[in-house]
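**Q** Encoded as structure tokens, here's the structure I'll be asking about.
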Amino acid sequence: MCRIAGIIEAHPQPESKEKLEAMLYALRRGGPDDQGTYEAGGVLLGHRRLSIIDLSEQGHQPMLSEDRNLILAFNGEIYNFQQIKADLLAKGYRFRSTTDSEVILYAYQEWGIEAFAKFNGMFAFALYDKAGQQVHLVRDHAGIKPLYYAFEEGRLIFASEVRAFSAYRADWPEQPNWKVLFLAFGSLPFPFTTLRDVKMLAKGSCLTLSLNGFSHSITRFHQFAYTDEISSAAEAEALIKEQLTQAVERHLIADAPLGVFLSGGIDSSLLTLLAHQLGSKKLNTLSVTFKEASFDESAYQQMVLEHIQSQHTAFCVDDQLFLSQLEDVFQAMDQPSIDGVNSYFIAKCAHDNGLKAVLSGLGGDEYFGGYSSFKRMKQLQLLRNLPTAALGATLGKFKDAYKRIAYLQLRNETGDYLFLRGLYPSQDISLILEIPEKQVMDTLRQVRFEGAPQEKDENYASYLESNIYMENQLLKDTDFMSMWHALEVRVPFLDRQLLETVLSIAPAIKYRNERPKYLLSHTFRNLLPDGVVFRQKYGFTFPFALWLKQHIAQVQAMTPSTPHIAAKQQGFMQGSMHWSKYWSLVIAEQFRS
């Protein structure tokens with residue numbers, strides 16, 4: 001796992017090398033083991049390395065092919081690189097290292113851009129084809145690893161984090177309406193960032209820049225589709241058991257210390273038990289505990305630990321630790337999000353215990369039906385059928401939780417998602433930012449998502465949760481918080497082969513309303529403890545509301561003083577507003593221009 005950055009110029013400038021060095025310095029926390037740069041003819045590639053596979057100098061990047069025609073700056077892991085390497089060896093290719101990075105070079109040399117669809121992993125990379133005079137920016141199938149880019153006056157700039165663009169140019173202008181997006185979503189939706197014209201590359205995509213003419217195109221090499229090809233419960237269970245086990249096995253490959261984050265929920269418990277079953281000799285387990293009994297999940301964690309042998313670390317997070325690390329949390333946060341603090345502390349725990357990689361259960365809820373949104377599809381269909389005028393008329397006439405109905409006026413995936421999961425209703429955003437409500441809605445109309453299922457059933461809920469919530473919030477938060485601590489987080493539930501199977505299972509089999517994640521827990525019923533399977537779902541949450549109230553004076557000093565914000569704080573202190581809404585105002589202030 002690493003960090004990458006680059007500057008591609010139609011007309012090379014002497015100061016660009018210094019700017020690339022500044023970008024790499026901004027990314028240093030995510031790649032502390034090594035730094036490398038490549039420069040030739042207006043192409044500057046940079047790399048910060050976190051060594052996980054092949055710890056030798058043979059893994060140094062940017063990496064060049066033997067004929068020095070291909071140059072690669074790579075961030076991530078290719079989990080099926082051994083199979084691809086075997087195919088290439090049979091074709092006569094020779095390898096100097098045991099890295100997956102070198103496999104990318106020769107896979108491209110053999111198959112061109114069609115090679116990208118063969119990769120099963122989490123990755124974002126830049127590949128310079130000197131002979132073809134092209135630069136390719138490539139991002140994985142599920143959007144696990146981030147890659148941002150911007151075009152500016154005859155140059156393409158790219159990086160793993162948005163902070164690198166501010167290092168490239170300190171006065172990079174803000175995206176005008178990013179606060180509208182943030183207060184609606186709780187994070188910034190694809191492809192937006194806080195900086196003007198800096199965009200996220202779409203998952204499963206390749207941006208190809210032709211150096212002859214400096215024109216570019218973006219193509220999709222992978223896109224998931226929901227189907228009902230698998231209609232047999234027995235077949236579905238057999239495939240899920242086989243492919244999740246194989247996915248975990250692939251994700252355990254490492255030459256550096258690796259662990260599993262065990263929260264006590266179904267997903268992390270299952271990964272822990274499978275890793276143990278697969279005979280992992282390097283397995284470490286990590287858990288977060290709290291003094292607040294209603295948030296502590298130690299009892300469920302212990303149910304799993306009783307079935308395995310591992311080096312377990314329980315990391316207690318309390319309000320004092322939270323407060324002492326708050327400034328560093330803000331520094332780690334590459335883009336605004338109401339989430340991510342939990343990821344910060346588990347990453348800190350892993351790093352402090354000498355680990356370089358951990359397995360996470362992220363993705364289980366989104367694809368197996370672990371959220372309440374899966375039960376609200378009939379309600380969504382009913383409300384969607386109301387006339388637009390009727391939806392608009394509801395605004396301001398209900399309690400705050402119901403004001404989000406007005407988002408359905410957007411008549412698209414954005415409106416549906418914001419109705420189900422939105423943070424503030426449009427009316428409140430208008431008041432907080434002191435802008436017309438029409439400006440709020442016009443901004444939200446610019447957010448578009450592709451590839452949604454036509455039927456508004458549980459698969460549609462899965463689409464919304466995975467393509468919007470998971471991709472724009474959970475994955476981004478996990479990445480920048482973990483890389484701040486030089487930690488790689490691996491997500492077996494997002495394994496490409498596994499996902500292609502899961503998405504082809506008929507909804508009637510995959511989702512059972514009587515129990516969240518029925519198919520997953522029933523498939524592994526002989527492995528998971530009953531206490532974990534039938535427990536109440538909490539999610540990996542911290543006692544934020546309690547902690548914020550205990551230290552409200554320090555937190556208040558971090559927010560601007562306006563009548564509307566003061567009213568929100570009062571509502572939070574009186575218990576009439578969720579902590580995440582007040583927290584969002586604190587976060588927004590940290591990113592203020």
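Each residue, glycine too, has its Cβ placed from N, Cα and C.
Just so you know, TrEMBL annotations never went through curation; they're auto-generated.
Per TrEMBL, the feature active site, for GATase activity maps to CYS2. Residues or ranges marked as L-glutamine binding site by TrEMBL: ASP100. The ATP binding site annotation in TrEMBL covers VAL288, SER360, GLY361. Here TrEMBL flags 2-212 as domain 'Glutamine amidotransferase type-2'.
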**Q** As a test of the contact definition, list every same-chain residue at least 6 positions from GLY361 (ATP binding site) whose Cβ is closer than 8 Å to its Cβ.
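**A** Spatial neighbours, sequence-distant, of GLY361 (ATP binding site): PHE261, SER263, GLY265, ILE266, ASP267, SER268, LEU270, LEU271, PHE493.
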**Q** Give me the CA-CA distance between ASP100 (L-glutamine binding site) and VAL288 (ATP binding site), in Å, as a whole number.
**A** 32
**Q** Would you kindly give the Cα-Cα distance separating CYS2 (active site, for GATase activity) and VAL288 (ATP binding site), rounded to the nearest Å?
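**A** Cα-Cα distance, VAL288 (ATP binding site) to CYS2 (active site, for GATase activity): 26 Å.
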**Q** Roughly how many Å lie between the Cα atoms of SER360 (ATP binding site) and the residue listed as 'active site, for GATase activity', rounded to a whole value?
**A** 18
**Q** Around the residue listed as 'active site, for GATase activity', which residues of its chain at least 6 apart sit with Cβ under 8 Å of its Cβ?
**A** GLY30, GLY31, HIS47, ARG48, ARG49, LEU50, GLN61, PHE74, ASN75, GLY76, SER160
**Q** For the domain 'Glutamine amidotransferase type-2' (2-212), what's the mean pLDDT in this predicted model?
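**A** Computed over the domain 'Glutamine amidotransferase type-2' (2-212), the mean pLDDT is 95 on the 0 to 100 scale.
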**Q** Test of understanding: give the count of other CB atoms lying within 10 angstroms of the CB of SER360 (ATP binding site).
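**A** Taking all protein chains shown, SER360 (ATP binding site) has 25 Cβ neighbours within 10 Å.
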**Q** Let me know the largest Cα to Cα distance in Å among the ATP-binding residues VAL288, SER360, GLY361, as an integer.
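**A** Taking every pair among VAL288, SER360, GLY361, the longest Cα gap is 14 Å.
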**Q** How many other Cβ atoms sit within 10 Å of the Cβ of the residue listed as 'L-glutamine binding site'?
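**A** Taking all protein chains shown, the residue listed as 'L-glutamine binding site' has 25 Cβ neighbours within 10 Å.
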**Q** Using DSSP reduced to three states, classify ASP100 (L-glutamine binding site) as helix, strand or coil.
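**A** Looking at the DSSP assignment, ASP100 (L-glutamine binding site) belongs to a helix.
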**Q** According to DSSP, folded down to helix, strand and coil, what is the residue listed as 'active site, for GATase activity'?
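**A** Looking at the DSSP assignment, the residue listed as 'active site, for GATase activity' belongs to a strand.
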**Q** Tell me the Cβ neighbour count for VAL288 (ATP binding site), meaning other Cβ atoms within 10 Å of its Cβ, over all protein chains shown.
**A** 24
